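This report concerns only the one structure given below.
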């Protein structure tokens, strides 16, 4: 007569409370489970099954069943004496079935606050017969989340009114960065995505010789975003024609986390630098007392007529008669890559240290802020009538190409 084995499974909740034992092991603990009766020509094999509490599930390669061996060890066939673990089960309950129908399992990917889906599909994936999650538009390619740009939580109020400018409300200019040179000179930079910023070539060359390279410059800079959040610089890239196009890019070692204090500004798909259009410029530059400010300020400035701006800085009313004269003793770069913005009606203006900041324009239809220009000439300080900005649309191809290659 063949031997007959019997298995007793004790259901346990996340941990082993007690086990029964045969003749060779200790008697049962006082959990109320009776000792099983013996049978002729057979024996009792002691085993337990680990189970988890509600909303938890087993994390194990085995089935959770452990058998007591001759050495009084609890052993699982798949994992030996390694105990299973319980982990949170965030799965959905099985939906009820319907007559003449079936349940199609699908999930929708969504992004956290201040991020949006970057995908050709709608983010909805369906489980196919091969147990693969498939999107109708992109197949098994997963979507990505990218930073929202140009959507400040507390946008600047035009009713509120850096030279004598207005204090920034919380998060009005989350793209504004503060850059400090190795000789402790403060300038500006503008966040345009999670890892790249625009600034001027002049800012990058501060206290460096003309022979300095991008590799020489990067280690000498200190950069802050948000509320004095220090970020590490990986490299700087100068525009190939930076003597005429006063611009450079900064790449960070790590992507920044986007939130209400840190958010890139959008790059425009059209030119917003129309005469009379008002933009906002923020910065930590010098104030009316010619001292650097500890508080981010901003000012509203109108785009000026380019010809008038050129005549103003040439010191002549006739454009053909070029002279080195300038109301502030320094000649700005003025060409097809630049535009000018005049002082506000309150005689407010940008000043030393504001260069690298964005001329931010609010597109009311899209409710989005765009970097129309990057402040290049910040020496006006309410003495000259115009500040000079590098036009972002004229450098956008270079910006996108540089980011893609680096």
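Cβ coordinates come from backbone N, Cα and C, glycine included.
Record features (Swiss-Prot):
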- 1-18: signal peptide (SIGNAL)
- 31-88: domain 'Sushi 1' (DOMAIN)
- 52-86: disulfide bond (DISULFID)
- 90-147: domain 'Sushi 2' (DOMAIN)
- 111-145: disulfide bond (DISULFID)
- 162-404: domain 'Peptidase S1' (DOMAIN)
- 184: N-linked glycosylation site (CARBOHYD)
- 207: N-linked glycosylation site (CARBOHYD)
- 211: N-linked glycosylation site (CARBOHYD)
- 241: N-linked glycosylation site (CARBOHYD)
- 309-340: disulfide bond (DISULFID)
- 318-323: region 'Interaction with CD163' (REGION)
- 351-381: disulfide bond (DISULFID)
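All features noted in Swiss-Prot, drawn onto the structure.
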{"residue": "111", "record": "disulfide bond", "contacts (Cβ under 8 Å, 6+ apart)": "117, 145"}
{"residue": "184", "record": "N-linked glycosylation site", "contacts (Cβ under 8 Å, 6+ apart)": "none"}
{"residue": "207", "record": "N-linked glycosylation site", "contacts (Cβ under 8 Å, 6+ apart)": "181, 182, 183, 185, 220"}
{"residue": "211", "record": "N-linked glycosylation site", "contacts (Cβ under 8 Å, 6+ apart)": "none"}
{"residue": "241", "record": "N-linked glycosylation site", "contacts (Cβ under 8 Å, 6+ apart)": "none"}
{"residue": "309", "record": "disulfide bond", "contacts (Cβ under 8 Å, 6+ apart)": "334, 340, 385, 386, 388"}
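DSSP classifies residue 52 (disulfide bond) as coil under the three-state reduction. Burial estimate for the disulfide-bonded residues (145, 340): highest at 340, by number of other CB atoms within 10 Å. In the three-state DSSP scheme, residue 145 (disulfide bond) falls into the strand class. All protein chains shown were included, and the count of other CB atoms within 10 Å of the CB of residue 52 (disulfide bond) stands at 20. In the three-state DSSP scheme, residue 86 (disulfide bond) falls into the strand class. In three-state terms derived from DSSP, residue 184 (N-linked glycosylation site) belongs to neither a helical nor a strand segment and is classed as coil. In the three-state DSSP classification, residue 340 (disulfide bond) falls within a strand. For residue 86 (disulfide bond), other Cβ atoms within 10 Å of its Cβ number 18.
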